[in-house]
Amino acid sequence: MSERCRDALTTRQKLIAQDYKISYSLAKSCKADLKKYRCNVENHPRSREARLSYLLLCLESVVHRGRTVSSECQGEMLDYRRMLMEDFSLSPEIILGCRGEIEHHCSGLHRKGRTLHCLMKVARGEKGNIAEKCQSALQTLVQEVDPANDYRIDRALNEACESVIQTACKHIRSGDPMILSCLMEHLYTEKMVEECEHRLLELQYFISRDWKLDPILYRKCQGDASRLCFAHGWNDTSETMPAGAVFSCLYRHAYRTEEQGRRLSRECRAEVLRILHQRALDVKLDPGMQAKCMSDLGKWCNEKTETGQELECLQDHLDDLLVDCREVVGNLTELESEDIQIEALLMRACEPIIQGYCHEVADNQIDSGDLMECLIQNKHQKEMNEKCAVGVTHFQLVQMKDFRFSYKFKMACKEDVLKLCPNIKKKVDVVICLSTTVRNDTLQEVKDQRVSLKCRKQLRVEELEMSEDIRLEPELYEACKNDIKSVCPNVPYGNAQIIECLKEGKKHLSSRCHQKVFKLQETEMMDQELDYTLMRVCKQMIKRFCSDTDSKGILHCLKQNKNSETMDPKCKQMITKRQITQNTDYRLNPLLRKSCKADIPKFCQSILNNAKDDQELEGQVISCLKVKYGELRLSTDCEDQIRIIIQETALDYRLDPQLQIQCSEEINSLCGEEAAAQEPTGQVEECLKMNLLKIKSNGCKKEVLNMLKESKADIFVDPVLHTACALDLKHHCAAIPPGRGRQMSCLIEALQDKVVRLQPECKKRLQDRLDMWSYAAKVAPAEGFSDLAMQVMSSPSKNYFLSILMVGVCVLFFGGLFCGRITKRVTREMKNR
């Protein structure tokens, strides 16, 4: 086309934009409709000019109300809407309002709607700032041409997205309003191309700022908007109604319960959810958030340019945001906790795990937080990909900032929180407050628990979720941040692996971190369901052996079945780890602590006096009680618990921390082969007993002597002897009850009886024990006057000691006899005064 012809056509188009009657075909085709729906000049309230924009807005309003406009008129309207969208110069408001933006950012791009899309890009903040007058002019133009009703009106969008429409949206007929919605559903997917993505977001930026510009939303929700939100007609505006107010009202009503009343219709609710899913893809598609969070986005999230990162960044910095922005982000996060499907990107990443494990809750029309709970529970399934796992963990971390962000927890416990934990906001603090209340009520055996049953159930879910990742326990994480870098580098956070690593490396932790880890272990030992690693590794074994056991007795049940033939080796190893932990400090063994609460202060007070809070006693209290067990001085309940510990440690020396500390060198030098055995059967302890004469260290010698004293009290605590003499016990001592050395005495009597014939192995082991006890009695240090008297009487030089004692007594007697009194005589009156 020649330049002269193009200029003439452009002039004609400008004139038509000022007065639609200049276009004969448009005026003729739409004459009847203009008259019928009172869209002619006489009814124009603002100007005498028959502006094309007024004609388009008036007739489009008619179409949106569901009235019929002739096909000829609609065809002419479509042509002129496309014309306005292609050439910005046909809109005087754009030329006047956006002159500076066009000169600085968009010069020379006027063909095929490129200038308008360039201005839209500026409005999105991608090329600089835009004047309010320009933004308003663009918003008005988008309403006039209504491109969401037929994407073909926007030529730039049509050309950029043709390939995507042909592949992803080919099932939708050309020109259908659903095309734009389909393109949004495929935003940031493999089918989307970059050019289409840019054009789509530029247009969607303006559509998202006026609910009426989304034709499907308007069609399905106009009744609800009028009834609930006092919305005006399609072409009516209200200066008192802020932009986005109608949609905000709609989505508030979308999540109302039946009890709250005034809910949206099902069709409208579905469309509101669709818009929310779209807005979650890009912060700029949420007008309220962009307006209130602009400065925070620039301050905290300048480098977060990838898909979905801006919202994640705002959530991460929630406590640092300005008040208005914090409120908007908080409300959206609260909404996401109720319906995580709003997080469209997360849903795409988690599609495999949702289909495999959560399809039932995903199909529910009302989510109520069930889907996120399901994703958390299945976070470590093999189908879980990294993007989904990271997204789920991030949402868990965000939830810790405010208990309102956990929808199910909020609904179950809001009354309890108001009553028992007022003014507490952070979820972790609320969980601690409520769980402490539950624990105190349980310990005090209160008849009516203060925390309601439904809250207690959900509280248990929250506690179990928190135990999976150290970052979900902020106090512990902050205390151990540096220790994690030094002790557990390259260890993943998930599956409680960091927590387990810190437990294993306790000796290398800082004092603050050590204290927190000890407190955590104390809590876990009181309620083993909170021990994530134990519950995960032993999941099948708990089902097999402990299905009827409550959470406080799981470890005890597993210990009882530890040596079962069907016990899983990995679970057995984990049980041993927890036994080692328990034996480092009586406070980590709730059953022992309860059974021996009177015995511990009675016999081991000196150890308690030197103890430090939140630091292990390295088995000193348990060793003290074991000594008293050998002396038969413990209460019945305490004796039963100590017997179990002695039986366990007699099979595996690693369960005795004091023995390990005192005899580490002797174990390596004298019993290295026994210690290297895969399955501990008490051979290390037997080796130390047999090599008692070779042991030089006083500390180690004392521990071995204590073991011998313990075995004298009960044959069950000496596994080697008990195994060797099992048949003889049945034959000769079946009627003798176990405990307090009764069966041991029976076997010794049988050994000394020449008529009774014991098994050779039993006879040998029993004779060895007698020799060891005899030696132990000689070398063991005297612990009281009776022990001292016994040692003197059994000594070969007892006559010498007795002679010295008699001489001392005689010297004292004769000294008093011959030397008289030392004190001065005093009269009776003085004494009685």
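Keep in mind that glycine also has a Cβ here, set from the backbone N, Cα and C atoms.
TrEMBL annotations:
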- 1-67: repeat 'Cys-rich GLG1' (REPEAT)
- 68-127: repeat 'Cys-rich GLG1' (REPEAT)
- 129-191: repeat 'Cys-rich GLG1' (REPEAT)
- 263-322: repeat 'Cys-rich GLG1' (REPEAT)
- 383-442: repeat 'Cys-rich GLG1' (REPEAT)
- 450-504: repeat 'Cys-rich GLG1' (REPEAT)
- 508-566: repeat 'Cys-rich GLG1' (REPEAT)
- 633-696: repeat 'Cys-rich GLG1' (REPEAT)
- 800-823: transmembrane segment (TRANSMEM)
Message = Using a cut-off of under 8 Å between C-beta atoms, tell me which stretch among 68-127, 129-191, 263-322, 383-442, 633-696 contacts the repeat 'Cys-rich GLG1' (450-504) the most.
response = 383-442
Request  = Take a look at 263-322, 383-442, 633-696 and tell me which one has the most Cβ pairs under 8 Å to the repeat 'Cys-rich GLG1' (129-191).
outcome  = 263-322
Remark   = Looking only at the repeat 'Cys-rich GLG1' (383-442), mean pLDDT returns 92
Residue distribution over DSSP helix, strand and coil in the repeat 'Cys-rich GLG1' (68-127) = 45 helix, 0 strand, 15 coil
